[in-house]
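Marked as active site, proton donor by TrEMBL: LYS214. Taken from TrEMBL, the feature NADP(+) binding site covers GLY10, PHE11, GLY12, GLY13, VAL14, GLY15. According to TrEMBL, the NADPH binding site annotation covers LYS114. The L-homoserine binding site feature in TrEMBL is assigned to GLU199. Here TrEMBL flags 10-134 as domain 'Aspartate/homoserine dehydrogenase NAD-binding'. For 146-323, the entry in TrEMBL reads domain 'Homoserine dehydrogenase catalytic'.
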Amino acid sequence: MKTFRIAIAGFGGVGRATASLLLSRRARYCEIYDADVRLVAVCGSRSGVKSAYGLEKEQLSTLEDGLSGPAFIEESGADILIEAGPSDFRTGGPGLAYLRSSLSAGHDTIVISKGALVHRGRELRALAKGSGAILKLSGAAAAALPTIDLVEHNLKGCEVLEVEGILNATTNYLLEAMTTRGIGFEHALREAQLGGFAEADPRNDTEGWDTACKLLILANFGLGADLTMNDLTVEGIQSVSAERIEAWRGQGLVPKLVGRISRGNGAIRAEVGIRTYPLADPFANVRGRDKAIRIVTEAMGKTLAIGSGMEPLATAAAALKDLEHILAARMA
Ligand SMILES: NC(=O)c1ccc[n+]([C@@H]2O[C@H](COP(=O)([O-])OP(=O)(O)OC[C@H]3O[C@@H](n4cnc5c(N)ncnc54)[C@H](OP(=O)(O)O)[C@@H]3O)[C@@H](O)[C@H]2O)c1
């Protein structure tokens, strides 16, 4: 049996859910992959805990001050990193230093935050290639909704001609509330914030940046593009008026905030904006906080997936799906 030592950097809602799901699946890893998977370190911004023998559930509530940072993770002896810190696509966020350290050392790496992948994707790909580390990022590319995996596994070998995705749950929820109940953007947003479905500062979602990050990650890591945020046209939903919604309703159209990737003249283009769909289109029926993706390939035609996992468990499960791909590859 081979031992795999896992560290988690970023120990908020998603990091904790990932740790707890990983511990509950240890017997599965043993049985299916003949792998002894140990969680050897976790850390937040200022504190952490490690054990070479593997942390148990009770130890995850006793983080010690001062144990954090890429050096702490390296010292833990981890050979796989799961990075779940805050996302900042303008700077790469704290995740960038962890990812550089892990990939340079040749450690397989699972990324959940989007910031570093958007800001320094090319560099991180090169680091992984240079060191032979496997870099997986389902959690950063719409998590419970399969996106990269659809392209890499289910549509393997096909040429992707077009991708359309409803990739942000908050904007889908808001647009649906505006469309079905005739309320304005501000009203829908206040309700969503009170219900915990929208952030206190919702601009990352409502202005389309979260969708743009996921789209850019899919384009660059899934389709081999080399786009930066400056290459994308990004429109949000913040200026959609009740009058516009009413006009669409009158025409039997449902608005969605959609990220779209297309190929033309050998180049890949990506844009985020409102698109409208007739009621018979499956995209018109993606409800509430669900997400969806439609991929058109030259050989397999249209493939559609709709995801509706509960967060943060679904994101943790997406990261651990990546872990199983790594276990399978390393045990082959
Ligand atoms: N929530 C979801 O369902 C979801 C879905 C898909 C992707 N994501 C992505 O997953 C990531 C985590 O989300 P979350 O909801 O768990 O956020 P969160 O609850 O705010 O947790 C963020 C964690 O990162 C830690 N952190 C900050 N700076 C750090 C540093 N320098 N080193 C180590 N840890 C650091 C924080 O530490 P302290 O506790 O010490 O502040 C906190 O534990 C985000 O990038 C998010 O975009 C989330």
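Every residue, even glycine, has its Cβ placed from backbone N, Cα and C.
This view paints the features noted in TrEMBL onto the structure.
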residue	record	Cβ contacts under 8 Å, 6 or more apart
GLY10	NADP(+) binding site	CYS43, GLY44, GLU83, ALA84, GLY85, PRO86, PRO94, GLY95, ILE112, SER113
PHE11	NADP(+) binding site	ALA19, VAL42, CYS43, GLY44, GLY48, LEU63, ALA84
GLY12	NADP(+) binding site	GLY44, ALA84
GLY13	NADP(+) binding site	GLU311, PRO312
VAL14	NADP(+) binding site	ALA84, ILE112, GLY139, GLU311, PRO312, THR315, ALA316, ALA319
GLY15	NADP(+) binding site	ILE8, ALA9, VAL42, GLY44, ILE82, ALA84, GLY85
LYS114	NADPH binding site	SER87, PHE89, ALA140, ASP210, CYS213, LYS214, ILE217
GLU199	L-homoserine binding site	THR170, GLN193, ASP205
Task: Helix, strand and coil counts within the domain 'Aspartate/homoserine dehydrogenase NAD-binding' (10-134) (DSSP) - done: 57 helix, 23 strand, 45 coil
Task: pLDDT averaged over every residue in the domain 'Aspartate/homoserine dehydrogenase NAD-binding' (10-134) - done: 98
Open item on the list: Suppose we draw a 10 Å sphere around the Cβ of LYS214 (active site, proton donor). How many other Cβ atoms does it contain, all chains included?
Closed with: 27
Open item on the list: Helix, strand or coil by DSSP: which one applies to GLU199 (L-homoserine binding site)?
Closed with: coil
